[in-house]
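One structure below.
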Amino acid sequence: MPPVKIPASEHYDLLVIGGGSGGMGASRRAASYGKKVAVIEQAGKLGGTCVNVGCVPKKLMWHAADLQDKLKEAQEYGFMDASGSFAVPTVNWNMLVEKRDAYIRRLNGIYDNNLKKDNVEYISGHGRLLGNGRVKVSPGVDGVLEKEVVLSADHIVVASGGRPSVPSDDEVPGASLGTDSDGFFAWREQPKRVAIVGAGYIAVELAGVLNALNSETHLIIRHDQFLRNFDPIISETLTQYMGSTGLQVHKSSNVKRVEGERGGSLKVHLDTGNTIEVDALVWAIGRQPNTDDLGLDEAGVKTDKSNNIEVDKYQNTSAKGVYAVGDIQGKALLTPVAIAAGRRLSNRLFGGPKFKDDHLDYENIPTAIFSHPATGTVGMSEPEAREKFQGQKITIYRSRFTPMYYGLLSKKAPAAYKIVCVGEEERVVGVHMVGMGSDESIQTVGIAVKMGAKKRDFDNTVAVHPTSAEELVTTYVPVQD
């Protein structure tokens with residue numbers, strides 16, 4: 001459904017500010033109950049971070065990088081041409097980016113059609129809360145909305161998402177010569193040399209992609225490991241292995257200043273005294289909520305010290321009739337979480353008595369890191385479990401192995417699994433996986449953890465052989481402290 005020039009109504013059952021994952025989830029579910037719904041999106045396209053500059057284009061780039069890795073390995077599996085040699089092809093960056101962006105445009109069109117199919121009005125503009133159930137909408141970047149309008153609604157959902165954090169030039173001189181993780185997807189040429197600053201999953205994923213696609217890649221981290229917010233088996237295994245693949249990891253380092261010209265060669269000076277010369281610099285140091293110019297104070301919506309909107313378990317804000325879902329509220333910044341929270345909110349608001357208590361449970365949410373190799377995790381890390389269940393028995397099961405795929409290869413990527421159990425019955429409260437296929441396996445494992453499975457339930461499950469995942473049900477000996 002294309003955006004409207006003039007809204008069809010002045011009053012709605014539900015107004016949603018933000019056309020990303022959370023906003024789409026809330027609006028479409030509300031419309032399924034026959035409610036009058038409108039989505040306000042200022043970017044000129046639907047889908048939010050995930051579809052446009054996040055998980056979807058990132059996963060396509062990861063697939064390209066994974067293919068490049070496998071092409072490098074093919075000769076050791078016996079692949080060769082008629083002359084007995086094998087020339088490893090490399091990626092045509094322009095072709096990859098064009099095909100990726102065409103796929104994204106198709107998804108944008110699907111989102112448009114979904115709103116039309118569900119009878120949700122799409123307003124292209126910037127929404128600002130005025131209080132008392134009112135929203136001022138100013139024309140968006142595409143200029144489709146003909147004039148500024150004030151709309152009202154019984155319920156308003158704020159789902160305006162987040163954006164990458166980037167230091168100012170005052171904080172780091174020359175910082176603006178770099179780009180952020182969104183800017184990575186705007187590159188039309190592959191940089192030969194690139195530095196990525198950050199130790200979280202976004203930094204690690206982008207570094208893995210660029211390194212696999214043969215860019216000289218530097219990852220600058222403040223401590224001695226990356227992914228330190230994950231279980232140690234993940235951070236330790238990936239830091240050690242990815243550092244052996246050609247990725248240059250600069251540990252215990254901070255960027256002191258950046259010199260050069262935008263679009264040209266850059267010198268990245270570190271506080272260790274080292275200087276890195278690169279063609280591109282990416283800041284991947286975290287994200288912040290899009291709470292600017294939303295009228296939150298005027299509407300009585302409270303935020304925390306990080307400017308995330310404060311919500312209760314039902315996604316209620318401090319203002320009656322105003323709710324927040326997705327990255328804007330600072331918890332579990334994941335697309336499926338935003339969708340699920342938005343849908344459950346609309347169930348509760350419009351679905352009748354059977355949904356009066358519907359809300360999203362934010363515990364035991366499985367997720368994946370598209371690193372090289374991939375990672376899957378659900379539940380508590382070992383340190384978190386030991387902190388929460390002090391005085392109770394904590395049992396750890398761990399397996400480190402080499403997946404069969406690497407049996408014929410000289411370069412072997414590791415796999416490492418950990419199962420965290422609590423109590424005499426060994427309830428599984430966390431599973432953490434590194435290695436080929438972990439990103440896919442964790443979805444099913446997440447079901448077991450969510451259902452409260454015990455270690456004996458894993459043990460009583462017959463293994464699928466030969467697979468990496470069978471280690472989950474064949475690891476019987478606990479780790480001795």
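The backbone N, Cα and C atoms fix where each Cβ goes, glycine too.
From a predicted model like this one, the values you see are computed outputs, not experimental measurements.
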Additional site residue, GLY109, GLY125, GLY127, GLY286 [criterion: listed by TrEMBL with GLY198, ALA199, GLY200, TYR201, ILE202, ALA203, VAL204, GLU205 for NAD(+)]: GLY286
Recorded NAD(+) site residues GLY198, ALA199, GLY200, TYR201, ILE202, ALA203, VAL204, GLU205, GLY286, farthest C-alpha pair in Å: 13
Rounded Cα separation (Å) that holds between GLY198 (NAD(+) binding site) and ASP327 (FAD binding site): 19
Summary of DSSP states over the domain 'Pyridine nucleotide-disulphide oxidoreductase dimerisation' (365-474), given as helix, strand and coil counts: 34 helix, 33 strand, 43 coil
Residue with minimal Cβ packing [other Cβ atoms within 10 Å] among the binding-site residues GLY127, GLY198, GLY286: GLY286
Mean of pLDDT values spanning the domain 'FAD/NAD(P)-binding' (12-342): 97
